[in-house]
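These notes concern the structure reproduced below.
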Amino acid sequence: MANQIDEAKPISDLEIMRHSAAHIMAEAVLSMFPEAKLGIGPAIDTGFYYDFDLPRTLTPEDLPEIETRMNQLVKANLPFRREEMSKDEARKLFADQPYKLELLDDIPDEIVSVYRQGNLCDLCRGPHVNYTSKVKAFKLLSIAGAYWRGDEKRPMLQRIYGAAFLDKASLAEYLNMLEESAKRDHRKLGKELELFSLHQEIGGGLVNWLPNGAIVRHLIEEFWKKEHLKRGYSLVYTPHIAKVDLWKTSGHWGFYRENMYSPMDIDGEEYVLKPMNCVYHILMFKNRTRSYKELPIRMAELGTVYRYERSGVLHGLSRVRGFTQDDAHIFCLYEQLEKEVVKVLDLAKFMIDTFGFTRYKVMLSTRPEKYVGELDKWEYATDILAKALESNQIAYQVDPGEGVFYGPKIDIKFEDALGRAWQGPTIQVDFQLPERFDVSVVGEDGKDQPVAMVHRTVLGSMERFMSCLTEQYGGAFPVWLSPKQVMLIPIADRHSEFAEKLACELREEEVRVEVDNRSETMNQKIRQAQLAKIPYMLVVGDKEIETQSVSIRTRSGSQCVMPFAEFKSMLIDKIKTKSTEI
């Protein structure tokens with residue numbers, strides 16, 4: 001159907017209007033291409049899209065014409081009319097629309113509904129606005145390829161995306177945000193700032209970290225390790241592959257296989273790239289007999305995992321096939337669970353606050369349709385997570401059915417500078433994997449005592465977090481994370497020696513500094529350093545040598561003169577405190 005709807009879920013006026021905009025666009029496209037075959041056209045978070053099978057490839061130049069025709073349909077004030085009919089009648093109606101016929105075959109009911117407006121008749125549950133004139137603020141944005149029903153073996157259709165809002169002011173605000181988003185796109189900045197690269201010779205979704213990106217990642221990882229060691233975690237490392245039988249025991253082979261890569265044969269045994277680190281940590285825990293007095297035990301790893309993603313959904317650093325999770329697993333007694341989850345929440349808040357994310361949304365994701373284990377343990381685990389959130393006075397929403405197959409979880413999504421949500425920390429309580437691997441400790445009575453397990457990340461993955469961080473700051477990272485923190489610019493050759501002397505003093509404090517001795521003009525050097533988003537440019541000439549000062553220009557364009565010793569002290573303080581301000 002044009003938009004399959006869960007009838008139990010209330011539908012907002014905005015969602016209804018966006019869905020109607022998709023139908024109006026479909027009629028506009030049909031008026032341009034009468035032979036068009038229609039796919040689906042749902043409302044989405046910020047607007048709508050519709051998929052078409054067309055006689056030619058669309059170009060961006062087609063969008064204004066489609067939009068003009070849409071505006072004509074809106075002004076015509078055409079009514080939306082709902083009709084019900086039998087599936088046989090609908091098959092006759094859509095005889096020349098093969099995609100609609102396929103959708104019809106999947107509908108279990110014998111009576112279906114269609115919506116008509118103007119010259120369009122579409123298979124749809126609705127609801128819709130009463131008249132086309134109710135769709136007042138929309139803009140067509142882009143064209144993309146989309147496989148029919150997301151299946152790469154099916155035809156490739158052309159998808160037109162549009163934005164739609166209840167009023168023109170909201171639309172204008174959104175379009176401004178899109179314009180700013182394009183400037184901050186981590187794929188664009190990643191290339192301009194030489195942060196990372198992707199190569200088809202290597203394969204889609206497999207990332208090369210270039211020197212500038214590698215130093216940012218290194219700084220994040222060192223900070224992560226230091227904070228975990230302070231909080232009682234032990235750092236571990238695990239292999240990238242394991243025998244298939246290990247994943248069968250864990251349940252991943254049965255519940256998660258579609259996200260795993262095909263097995264490889266090694267000496268007659270099947271191995272597979274790991275999709276997760278948890279099972280390795282379990283085996284480490286079981287490496288010897290343990291007493292209940294040793295708990296909790298916290299293992300942390302920056303572990304690279306591999307998960308299958310269709311080529312069509314790969315996106316820079318944010319959707320990849322190989323990525324490094326900031327992973328940790330806590331083994332504890334049942335009565336220690338709530339306290340441990342509270343500690344993880346404290347750590348997660350500290351980490352994301354440090355990186356400058358101050359707004360976030362918290363979801364409590366509950367038992368999915370496919371799950372393992374007993375219902376009472378699921379309820380207990382869910383209750384533990386809820387209590388931990390409430391004891392921290394953290395507001396949250398319940399996200400039904402979005403837990404993982406072995407346990408419920410807390411998902412924290414933080415907002416960037418443009419108000420966009422990014423996946424951040426996750427915290428999962430798990431009783432199932434410890435049972436599957438027979439994990440226990442020697443209790444106070446000398447008998448085996450079961451152990452609970454907490455899976456958690458505080459950043460998510462290094463790749464996705466780097467994409468978010470890049471877009472949050474538009475590539476202008478906080479000073480402590482900037483690949484190059486200072487560029488010294490001598491006005492003339494005779495000033496180079498002084499510039500090199502200052503650079504040496506800064507390097508002794510582990511400041512990342514360079515001297516630009518190229519035969520370019522000073523203004524060109526400053527401009528290039530600004531484009532590279534280096535926080536500080538220090539210009540030195542005769543006056544600066546005489547006064548032992550520096551003329552400071554920041555990447556934002558502000559200027560001042562300061563004694564070098566004062567600047568060095570200020571810079572070191574900003575780095576040590578991880579300030580997000582220049």
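From the backbone N, Cα and C atoms, a Cβ is placed for every residue, glycine too.
For the Zn(2+) site, Swiss-Prot lists HIS329, HIS455; matching the candidates CYS124, CYS278, CYS560 against that entry yields CYS278. Within the same chain, the residues at least 6 positions away from HIS455 (Zn(2+) binding site) whose Cβ sits under 8 Å from its Cβ are CYS278, ASP327, ALA328, HIS329, GLY407, LYS409, THR426, ILE427, GLN428, ASP430, listed in sequence order. Of all Cβ atoms in the protein chains displayed, 25 besides its own lie within 10 Å of the Cβ of CYS278 (Zn(2+) binding site). Within 8 Å of the centroid defined by the CB atoms of CYS278, HIS329, HIS455, the record's Zn(2+) site, lie the Cβ atoms of MET276, ASN277, HIS281, ILE282, ASP327, ALA328, GLN428, ASP430, LEU433, MET453, VAL454, ARG456, excluding the listed residues themselves. The local packing around HIS329 (Zn(2+) binding site), expressed as other Cβ atoms within 10 Å of its Cβ over all shown chains, amounts to 26. The predicted model assigns the region 'Catalytic' (185-478) a mean pLDDT of 94.
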